[in-house]
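Feature annotations, courtesy of TrEMBL:
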- A:L9, A:D84, A:G87, A:S112, A:I113, A:L163, A:V221, A:H246: S-adenosyl-L-methionine binding site (BINDING)
- A:1-236: domain 'Tetrapyrrole methylase' (DOMAIN)
Protein chains: 2
Amino acid sequence: MLYLVGLGLADETDITVKGLEVVKRAERVYLEAYTSILLVSKEKLEAFYGRPVIEADRELVETGSDEILAGADKANIAFLVVGDPFGATTHTDLVLRAREMGIESKVIPNASIMSGIGCTGLQLYNFGQTVSMVFFTENWKPSSYYDRVKENVQLGLHTLVLLDIKVKEQSYENMARGRRIFEPPRYMTVAQCASQMLETEEERKEGVFGPDSLAVGAARVGGPDQKLVVGTLKELSEVDMGPPLHSLVLLGRKAHDLERDYIREFAVDKATFDASWKKGYGATS
Amino acid sequence: MLYLVGLGLADETDITVKGLEVVKRAERVYLEAYTSILLVSKEKLEAFYGRPVIEADRELVETGSDEILAGADKANIAFLVVGDPFGATTHTDLVLRAREMGIESKVIPNASIMSGIGCTGLQLYNFGQTVSMVFFTENWKPSSYYDRVKENVQLGLHTLVLLDIKVKEQSYENMARGRRIFEPPRYMTVAQCASQMLETEEERKEGVFGPDSLAVGAARVGGPDQKLVVGTLKELSEVDMGPPLHSLVLLGRKAHDLERDYIREFAVDKATFDASWKKGYGATS
């Protein structure tokens with residue numbers, strides 16, 4: 001049996017009681033370690049589980065899945081995923097491969113950022129499609145996300161923006177020379193995301209959002225030092241929210257009063273918040 | 001401190017290790033018991049926690065929140081919510097009330113149906129706004145959900161439909177006479193939901209969906225007997241998916257091949273599935 005076990009969002013104690021039982025019994029335990037991270041180290045997980053954990057990078061999961069699945073027809077293999085196994089990054093391909101090999105699989109759900117973002121007090125009902133923001137480079141500033149945000153904005157809905165993480169990336173030179181030397185991990189911040197959004201708007205000029213648009217920055221959701229900051233994109237582009245992981249929600253025009261009452265507490269500046277709110281939010285649907 | 005603790009979706013072992021610690025230490029433990037249910041009884045929870053649990057009905061939460069919060073400035077109070085505390089039903093009003101009273105609160109996230117629905121293999125990125133379906137009566141068949149589904153359909157997105165549950169409802173007569181006698185609980189099935197959707201389409205005639213539209217029925221997500229069934233709305237209106245809770249996803253036109261490969265396994269009839277897919281799905285975005 002292949003068990004896909006969600007680890008939740010913050011630390012080793014966010015695993016469910018059911019998930020922990022699976023990990024303790026499994027023959028091998030893999031940790032998916034390239035699409036998200038917990039706020040604690042692999043060593044801390046190993047100490048908590050009382051057993052070794054094999055780090056599974058993108059290469060292993062995408063091209064070495066048969067190695068992960070080896071023997072899973074007879075023994076239990078646990079594949080740990082930060083958040084929920086079918087949350088922000090789905091692992092359907094691994095399950096499909098298991099299915100082809102006649103191996104059963106079971107999912108142990110857990111909190112995902114896709115629902116954990118409810119901690120902002122914004123109603124999950126009022127979110128449109130989720131988008132991802134990648135690190136812009138000098139020559140590559142993809143703006144396809146902007147079209148999807150536009151669709152949400154036109155409907156007055158909130159947009160969850162998931163921020164890029166770069167783990168085990170190689171420099172162009174090291175890749176070309178076949179050197180397995182990796183760059184230090186990078187995690188996009190709320191400030192970087194807000195700046196890139198404003199950069200896209202500058203370029204596309206369709207008025208989907210602007211410096212006065214309200215957004216919520218969320219850092220380390222579910223952790224002991226979870227932090228929420230509410231402000232205009234201009235304000236958020238200058239905010240320091242501390243260590244990763246960060247996410248951002250662009251507020252939809254149909255946000256209602258209960259949502260306002262909840263998030264106002266976290267405003268960088270209550271005066272600019274009130275002014276921006278009055279100008280563009282709280283429209284009835 | 002007020003702790004809002006998510007219980008996850010299925011049984012007593014879906015609580016997180018962190019959540020269980022909070023429950024064991026709290027002075028009083030409430031269970032929100034009117035917007036969703038676990039698949040196990042309150043007694044089973046009490047046995048697992050080794051302590052009594054107070055059932056909190058709508059009345060207590062909405063008008064008696066001060067009773068729940070009493071003493072929470074000094075002691076720890078745990079408020080248990082099926083799924084995630086800020087998932088399908090948010091409990092922001094309780095947190096706001098606590099804030100007014102100078103009481104801190106903390107959320108222990110868990111799986112919510114809003115992300116757990118990823119178990120269908122449909123990518124959460126491709127979902128639009130979530131809607132709720134209430135039980136229709138002879139004279140009350142609200143169709144405001146239809147407008148929101150229409151918005152999702154026009155964008156080619158999936159729609160999660162959350163199904164009504166009726167717990168501790170009074171008959172009109174008992175309510176009028178002030179008798180605290182409650183009707184047996186009712187949980188909407190996938191078949192009822194699909195039928196009501198077709199009824200709305202019959203009435204509104206805007207072609208948002210029809211008998212051939214593909215949808216996924218999900219029952220007891222996260223439970224040992226989780227069941228997924230894929231079919232046209234016509235097929236699903238006749239399907240028996242067993243005990244509650246049920247949810248339904250109306251498939252968006254932009255569903256892609258990996259999603260198709262995953263869900264086809266659960267088709268009521270692979271021939272009608274392939275025919276419906278070919279007619280209307282897999283459009284590139």
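The backbone N, Cα and C atoms fix where each Cβ goes, and this holds for glycine too.
Checking the binding-site residues A:G87, A:S112, A:L163, A:H246 against chain B with a Cβ-Cβ cut-off of under 8 Å leaves A:G87, A:S112.
Other Cβ atoms within 10 Å of the Cβ of A:G87 (S-adenosyl-L-methionine binding site) number 28 in total over all chains. Shown are the binding-site residues A:S112, A:H246; of these, the residue with the fewest other Cβ atoms within 10 Å is A:H246. Taking the binding-site residues A:L9, A:I113, A:L163, A:V221 in turn, the residue surrounded by the fewest other Cβ atoms inside 10 Å of its Cβ turns out to be A:L163.
When Cβ atoms from all protein chains are considered, those within 10 Å of A:D84 (S-adenosyl-L-methionine binding site) total 34, not counting its own. On the 0 to 100 pLDDT scale, the domain 'Tetrapyrrole methylase' (A:1-236) averages 94 in this prediction. A:H246 (S-adenosyl-L-methionine binding site) falls within a strand when secondary structure is assigned with DSSP.
Following the DSSP three-state reduction, the secondary structure of A:L163 (S-adenosyl-L-methionine binding site) is strand.
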